[in-house]
Amino acid sequence: MSGAALALEVVVVFFLALFLLHRYGDFRKQHRMVLFATLLAWFLCFLIVFILPLDVSTTIYNQCMDDNKVHLVLSNTFTQDNSSNSSTSPTRVTKTCYKPWSYIPDGILPVFWRVVYWTSQFLTWLLIPFMQSYARSGGFSISGKIKTALIENAIYYGTYLLIFCSLLIYVAVSPQWHLTWSGLRTIGITAANTWGLFLLVLLLGYGLVEIPRSCWRASCHGHLLAKTYFKAAKLMTEKADAEEILEDVMEDVKTVSETIKYNHPLRKCIDTILKKASCPLEYQEKLGRNMDDYEDFDDKGNPYPSKKSLVKLHKQVIYAVQRHNRTHVQWQILLDEAFHLEDVAKNETSPSRQFVHSFPSADAPGWINKYLYSPKAEWYWECVLRRWCYRVLAVLLCVFSVAVVWSECTFFSTQPVLSLFAVFIQLAERDYNYVYIEMACFITIFFLCYCVYSTVFRIRVFNYYYLAPHHQTDAYSLQFSGMLFCRLTPPLCLNFLGVIHMDSTISHQDRKQTAYTSIMGSMQVLSIIANGFYIYYPMLIVLLCIATYFSLGTRCLNLLGFQQFMGDNDLTSDLVDEGRELIRRGTAGCR
């Protein structure tokens, strides 16, 4: 049964990662290695989250078995020492250990965790940074892209090598350190986890407040509609900028194309820019009307662009086309969203309680829409039930967020136990209720991961990093997200184990380590990290939650000139009015 549970979770996690990659990536256009590296990174990170609860239940069972062995040895020793003075042997106090349904035999999990952990570290520190440069390169051949990627990553790899060598020399000359392979491995793991924990707390502090607040605001149709208008105004500006950038780039392509004629050695590079970069058809037709492919080039000393400049132009075309396509797709999706929200606002006061669409589908209604999700059922869901479901969910998430903040600030206390999640797990551990233990662990770590991962999906760094759904995410952003996941997941899992008091390095309890903790090595090699940073740094979540609640980040971005949606801002009101007018024009165009 344990093998079936493990195999089932592996299959579920794989299809979950594949679904997300299909939603954000483009299987038809993006490089296979880019898709494979991103899929593997997401799969391994999600797999850790799903398998860790099984590790906890298995460890609790093994702890019970070890306690019985100790009691048995002590009882036998006591009997032998007192056999001459007592006619009866003392009663041996043992506990009945029930094997969990998902028990994983000894030796499997340590190997499994080593493979998963070191593969994810190889991805995040070596392969994905190289593939990012490879995918972003404008080279016209595989060797050219590899060369560009190696040059761009030389400083990246050299920096880490310099840091590693410096730490190695420091450990070698320090008398209190003993230079062993296990110690060096632990130092490397600790350094990577410390960097990940630093970023983890920032993302978690934002998600713990923003996710419940987003659910609550999703119940307010007026707020959603105003925010949609605001997005429309900003997206239209971005769409116009993308079209302008693409026109400028294609003008450069036209100039180069007219310069480099048929039979020129660099002509194939121009063809690659036009075809492989997937230029819009209208731009290809313009270029085709302004060139004579049958005119041979004459080598008379005319200035021709270099291959290096064509590589740079190729890179610009790829970026401009991708941004142009993304803004157009997002605009159509935003129009549909705005039309739907306007329909909800109109139907809320409908006396017939039948949901009427402004733009009904031309297709015949299916069986579900005809019998289960009829116009009356749709009205009750969209106008009545949906808002209350969001509000109940928001309250539950808010309670969960408060529990997480409290536990993050008190998990170092073992006498008394103040961490709420540790209390829940210990209560279930007394009765060996493994189903409850695994469900509690899964829900807790799933909520933590959702707060962190959803923030990774939400943040946008200009057009440098942006995860856009509907197959509009570029290769660089996909791989950057995979790299972040691989760096955030190990410290997140260690933090979770510390919160439920399953990490003896932090809780200082004499108990059996989980298989996941055992591969990390003893954090006491760096006592200042184990006894200081790992315990007290998560308390900053309180300050980050307060800053997020009062929208300090949003207000700072507004002051810097980056317009953000704020209800009490004049500029926001102007953009909402502008967006409403744009949607009205879009409605007229659809009709």
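Cβ coordinates come from backbone N, Cα and C, glycine included.
Not measured: the values here are computed from a predicted model.
Per TrEMBL, the features are:
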type	residues	note
TRANSMEM	6-22	transmembrane segment
TRANSMEM	34-52	transmembrane segment
TRANSMEM	115-134	transmembrane segment
TRANSMEM	154-173	transmembrane segment
TRANSMEM	185-209	transmembrane segment
TRANSMEM	388-406	transmembrane segment
TRANSMEM	435-456	transmembrane segment
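Ranking 115-134, 185-209, 388-406 by CB pairs under 8 A with the transmembrane segment (435-456) puts 185-209 at the top. Beyond the ends of the transmembrane segment (388-406), by six or more residues, the same chain brings 204, 208-209, 211-213, 215-216, 218-219, 418-421, 447-448, 451, 541-542, 545 to within a C-beta distance below 8 angstroms of the stretch. Long-range contacts of the transmembrane segment (185-209) within the same chain: residues 121, 125, 164, 167, 171, 401, 404-405, 448, 450-452, 454-456, 484, 487-492, 494-495, 520-523, 525-526, 529, 533-534, 537-538, 540-541, 543-545, 547-549, 553, each at least 6 residues beyond the stretch ends and with a Cβ under 8 Å from a Cβ of the stretch.
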